[in-house]
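So the structure is just underneath, and the comments pick up after that.
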Amino acid sequence: MDQCRRTLEQHNWNIEAAVQDRLNEQEGVPSVFNPPPSRPLQVNTADHRVYSYIVSRPQPRGLLGWSYYLIMLPFRFTYYTLLDIFRLALRFIRPDPRGRVTDPVGDVVSFIHSFEEKYGQAHPVFYQGTYSQALNDAKRELRYLLVYLHGDDHQDTDEFCRSTLCTEEVITFLNTRMLFWACSTSKPEGYRVSQALRENTYPFLAMIMLKDRKMTVVGRLEGLIQPEDLINQLTFIMEANQTYLMSERLEREERNQTQVLRQQQDEAYLASLRADQEKERKKREEQEQKRQEEEKVRQSALAEERRRRTLEEEKERKSECLPPEPPADDPESVKIVFKLPNDTRVERRFLFGQSLTVIHDFLFSLKETPEKFQIVTNFPRRVLPCLPTEEQPNPPTLKEAGLSRSEVLFVQDLTDD
């Protein structure tokens with residue numbers, strides 16, 4: 001939080017400027033936004049290849065002109081000397097309020113309003129933002145930025161604004177070829193820019209562009225310049241630096257293409273990764289499904305084995321609990337022939353007084369008998385109630401069931417049912 005607060009204070013609490021400045025620093029690009037007041041703005045002004053064009057004031061002509069010049073010279077010298085001394089003394093007494101920028105956008109907008117009140121609405125389109133924002137837009141859009149510093153108390157300012165800056169040809173040229181930022185040096189924002197660009201006289205114009213990945217001053221125009229001369233000088237500066245701007249455009253396009261290619265590669269990699277992950281997921285699902293099916297089959301086999309063992313144990317128990325077979329000469333004996341579902345015959349003797357449950361237990365104990373079955377008489381056809389029910393908890397005896405001394409009974413398989 002402390003670092004964020006320091007950064008915002010350095011950029012006069014302009015969050016857009018602070019964020020863009022931090023992004024530029026991370027990319028290795030020199031800062032183009034408002035730095036701390038203790039250091040100059042990040043614009044390269046030390047390039048010895050900067051084109052400089054200074055228009056000197058015309059010399060007096062004729063005897064009358066020289067006479068007027070010599071008469072006014074002492075007064076002019078005295079006036080400007082006293083003015084400089086007053087400003088120096090005032091600076092010791094009260095610090096220059098222009099040294100602290102609190103509202104840079106307000107400074108620019110205030111200058112534009114005062115300019116329009118004095119010179120009218122016909123003027124080049126002023127960039128309505130801070131100097132740092134203008135630099136950033138020119139850098140982002142790869143356009144030229146023309147900076148105009150307005151000296152309110154300079155003797156050539158009025159003539160330059162009326163006769164040069166507000167002419168139709170200059171307005172058309174500036175509006176179609178570059179960004180145009182202007183501010184008065186009497187405002188804190190304009191004063192700070194003047195300290196960074198170090199002008200010598202007014203009117204002052206500086207051409208700035210992105211050169212060697214830095215925002216660089218490539219041309220300086222100072223003095224009272226005429227409209228045609230201004231257009232010619234700006235055209236010369238632009239043509240002389242066009243190769244740098246084209247190189248920056250090509251480099252940026254190459255970076256964009258590289259970024260697009262990297263993005264496409266990343267997207268292809270992610271798509272391939274997602275496809276591999278989906279394939280791996282389906283493979284795991286198939287393996288899990290196969291494992292579950294195998295486990296289901298294994299559990300079914302175990303359950304079937306337990307059921308078979310339980311059935312065998314139940315058959316053995318039933319067999320052990322059967323009463324002994326009566327002899328053939330026993331008058332109470334009943335001879336029964338059982339026809340099993342597999343067409344085999346089984347014969348055994350029972351007693352009339354025994355329950356039909358004994359017959360059922362005997363058949364159940366046989367290995368050939370199905371797990372579930374019922375006993376049926378042949379004629380008349382009826383099912384013998386061998387097992388207890390709610391209506392008949394005690395099954396009848398053989399005699400009660402109407403069986404004779406010799407019977408043939410059929411075993412009907414009910415396993416499927």
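Here the Cβ of each residue, glycine as well, is placed from N, Cα and C on the backbone.
In TrEMBL, annotation is done automatically, which means it is predicted and not curated.
Bear in mind that the values here come from a model prediction, so they are computed numbers and not experimental data.
What TrEMBL says about this protein:
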COMPBIAS  275-320  compositional bias 'Basic and acidic residues'
DOMAIN    329-411  domain 'UBX'
REGION    275-333  region 'Disordered'
TRANSMEM  66-90  transmembrane segment
Integer mean pLDDT for the domain 'UBX' (329-411): 90
Three-state composition of the compositional bias 'Basic and acidic residues' (275-320), taking helix and strand from DSSP: 46 helix, 0 strand, 0 coil
For the domain 'UBX' (329-411), the number of residues DSSP places in helix, strand and coil: 10 helix, 28 strand, 45 coil
